[in-house]
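Student: This is the structure I want to talk about, given as structure tokens.
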Amino acid sequence: MDPVPSTQTQKWPGKHADLDPEPSLLRYCDGRVHVGSGKLAEKKTLLTGGDSGIGKAAAVMFAREGSDLVISCLPEERDDAEVTRDLIEREGRNCWIWEGKLDKSDNCRDLVDFALKKLGWIDVLVNNIAYQQVAQSIEDIDDEQWDLTFKTNIFSFFWVTKAAISHMKSGSSIVNCSSINAYVGRPDLLDYTSTKGAITAFTRGLSNQYAQHGIRVNAVAPGPIYTPLVSSTFPKEKIELSDQVPLGRMGQPVEVASCYLFLACSDGGYMTGQTLHPNGGTVINN
């Protein structure tokens, strides 16, 4: 897999369609394309942030494995989300788009109600959305940014999960997107890093609450991945992060989506309260 060009920047929240080369959704680093084997046959998935990046790759991969989906997107990301829907429908599965922000509890409940109406039930919940902006010092983070980052990155996980979990049966799975930054403490993403630490703790606590009900709760903590989130956050000289990665390159969305899939399906049936670390070789001490 070739190194990712380091010259691209976008305005927030970034567009999947504008990245060149296009991030890999289903093709692995050895050139092999993901082949479905029914791991999510007839399952119903609610996935937030399915318009681009990791969420897009996971949505298409889940469809290839047999799942119907509801995905969420921001209004300005609708075009990308419609491409995701088209890709899912090509896999012979159904996809519905819920458009809006998830920084308010009412919106999160509306999303879950929409998903239940379209899907009938929820087998897999993937909390995937995130917001981040660079700030070099705590003094540069105003209350508005702190509030938005927390409401998007962890409050939404709580609100969506709270609304959905009573509709999930034994054998269901929840996958939360954390980050390597929860473990290494990136200094220019203090608010974002703080929310990712909260997601790790949320995952562990919730897993202990619902293990007795047969509902598994896990997280994935990606390292630097080639997505619009990165290109719309950092200046171009900081986008190429491969010199920080033992494997010498940024990851591709497919390489995180496969972790989501493992945790969502019965392959990960003995996993709960855990975090997977697709980060290119950075050693993490949990």
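Placed from the backbone N, Cα and C atoms, the Cβ positions cover glycine too.
So Swiss-Prot lists these for the protein:
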BINDING   ILE54, ASN128, LYS162, TYR192, LYS196, ILE225, THR227  NADP(+) binding site
ACT_SITE  SER178  active site, proton donor
ACT_SITE  TYR192  active site, proton acceptor
ACT_SITE  LYS196  active site, lowers pKa of active site Tyr
Student: Mind telling me which of the binding-site residues ILE54, ILE225 has the densest Cβ neighbourhood, counting other Cβ atoms within 10 Å?
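Tutor: Result for the most crowded candidate: ILE54.
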Student: Tally every other Cβ atom lying within 10 Å of the Cβ atom of THR227 (NADP(+) binding site).
Tutor: 26
Student: The residue listed as 'active site, proton donor': which of the binding-site residues ASN128, LYS162, LYS196, THR227 have a C-alpha within 10 angstroms of it?
Tutor: ASN128, LYS196
Student: Long-range same-chain neighbours of ASN128 (NADP(+) binding site), Cβ under 8 Å, sequence gap at least 6?
Tutor: LEU47, THR48, GLY49, GLY50, ILE54, GLY55, ALA58, CYS177
Student: Select the most exposed residue of LYS162, LYS196, where exposure means the fewest other Cβ atoms within 10 Å, treating these as the binding-site residues.
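Tutor: Across LYS162, LYS196, these binding-site residues, the one with fewest Cβ atoms within 10 Å is LYS162.
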Student: Could you tally the C-beta atoms, other than its own, that fall within 10 angstroms of the C-beta of TYR192 (NADP(+) binding site)?
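Tutor: By my count, 25.
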Student: Where does ILE54 (NADP(+) binding site) sit by DSSP, helix, strand or coil?
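Tutor: For ILE54 (NADP(+) binding site) - judged by DSSP and reduced to three states - the answer is helix.
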Student: For ILE225 (NADP(+) binding site), what is the secondary structure by DSSP, using just helix, strand and coil?
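Tutor: The residue in question, ILE225 (NADP(+) binding site), is strand (DSSP, three-state).
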